[in-house]
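Written out below as structure tokens is the structure these notes cover.
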Amino acid sequence: MAVFPYDIHATDGRARTGTLRTMRGDIQTPAFMPVGTAATVKGVYMDHVRQAGADIILGNTYHLMLRPGAERIARLGGLHKFCGWDGPMLTDSGGFQVWSLSKLRKMSEEGVEFRSHIDGSKHMLSPERSMEIQAELLGADICMQFDECTPFPATPDQARASMELSLRWGARSLAAFGDRPDQTLFAIVQGSTYADLRAESAQRSIEAGGYGGYAIGGLAVGEGHEMMCSVLDVTTPHLPADRPRYLMGVGKPIDLVEAVYRGVDMFDCVIPTRSGRHGQVWTDTGPYNIRKAEFAEDDSPLDPAIDCPASQNYSKAYVHHLIRSGEMLGQMILSRHNIAYFEDLMRRIRTEITSGTYDRFVSDFRAAWA
Ligand code: PRF
């Protein structure tokens, strides 16, 4: 398989900034990937996702295999053509979404049998089927190994058994992925909150050989911000310095700032679009809700500092009115603004690392957030 070139331009403490070069274009890191679960970044045109500064988006095996079906997307020319995003795309392998969304799961060494959360129909995911869907049928540029996201809390024995299963599924994912010169496969490090297991999971994934990057899974599952930071502290030092590191399903702006500080390069999260649909506006001091009465006659733009039409061209009063009226344009404006805010934050993070001033940026950000 391909191992995409990853040039690290600057480091500052453990933080790094670089460029991951895929066949469909470059990804500037640290990078935030908007989530396009159902072949759409909900409520935002792909042009606008790109304009907001996203280099890569994420798609989901689980949702797409159920609807419209992975084979159908393949017949229609693959996921990029289907949804109109011609840049790099990463797909998650499906296990985590089965675990969080479907009922009647049956886990075995082979994989997971489950019923669709949409119509109750029966399906199966295994490392082999997940690789077929991600690499062959959807055509993702970056595919994820099939894994089990260890629930929190887990005893050391439960965490080890789950980690061992993910390592076996990782080996099967590697074998099934095969020889794909234009696509790459990332490992997923598990091990719950245990430093020794995180180190072992990283080490054995590296020894398995050939992964193009390393994800950190099993976090943001209820352990809390402080614990997540402690787990990152004991995990990133065991990952290869020359490969991208991806913290799955994270997070709020403060989580991104703290994770970059600990050496993470890539993130994905539904927060900008999901919370936008509920009226939330993200800023450096945290989110606020535009529904609040105090914005009813506030004629100022959402955020004049963000270079995005949604942030600059509509007043808080107008978006307040749209959201209160249940108008879909309100949700679209906020989703677009929030993505632009997250992408702007990543740009600022990259600039600060390049300047060697990331420490200072982190202290200021923590103070403003608190
Ligand atoms: N594994 C996979 N996808 C994920 C996770 C994981 O552990 C998480 C954990 N927050 C989010 N998405 N495959």
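Any Cβ shown, glycine's included, is placed from N, Cα and C.
What you see is a predicted model, and the numbers here were worked out from it, not measured in a lab.
Per TrEMBL, the feature domain 'tRNA-guanine(15) transglycosylase-like' maps to 14-369. Annotation source TrEMBL lists active site, proton acceptor at Asp92. The feature substrate binding site is assigned by TrEMBL to Asp92, Ser93, Gly94, Gly95, Phe96, Asp147, Gln190, Gly218. The region 'RNA binding' annotation in TrEMBL covers 249-255, 273-277. Summarising the annotation, TrEMBL assigns active site, nucleophile to Asp268.
In the predicted model, the region 'RNA binding' (249-255) shows an average pLDDT of 98.
According to DSSP, the residue listed as 'active site, nucleophile' is assigned to a strand segment. In this structure, none of the recorded positions from Gly94, Gln190, Asp268 has a C-beta falling under 6 Å of any atom of ligand 1.
Annotation for Phe96 (substrate binding site): same-chain Cβ neighbours under 8 Å, separated by at least 6 residues, are Asp147, Cys149, Gly217, Met248, Gly249. The number of other Cβ atoms within 10 Å of the Cβ belonging to Gly218 (substrate binding site), over all protein chains shown, comes to 31. A helical conformation is recorded for Phe96 (substrate binding site) in the three-state DSSP classification. Other residues of the chain with a Cβ within 8 Å of the Cβ centroid of Asp92, Ser93, Gly94, Gly95, Phe96, Asp147, Gln190, Gly218, the substrate site, are Trp99, Met144, Gln145, Phe146, Glu148, Cys149, Ser166, Ile188, Gly217, Met248.
Gln190 (substrate binding site) carries neither a helix nor a strand DSSP state and counts as coil. Just so you know, the Cβ of the residue listed as 'active site, proton acceptor' picks up 28 other Cβ atoms within 10 Å once every protein chain is counted. According to DSSP, the secondary structure content of the region 'RNA binding' (249-255) in residues is 3 helix, 0 strand, 4 coil. Here the recorded positions are Asp147, Asp268, and the one whose Cβ sees the fewest other Cβ atoms within 10 Å is Asp268. Around Gly94 (substrate binding site), the C-beta neighbours below 8 angstroms that are at least 6 residues distant in the chain are Asn60, Thr61, Tyr62, Met65, Leu125, Ser130, Ile133, Phe146.
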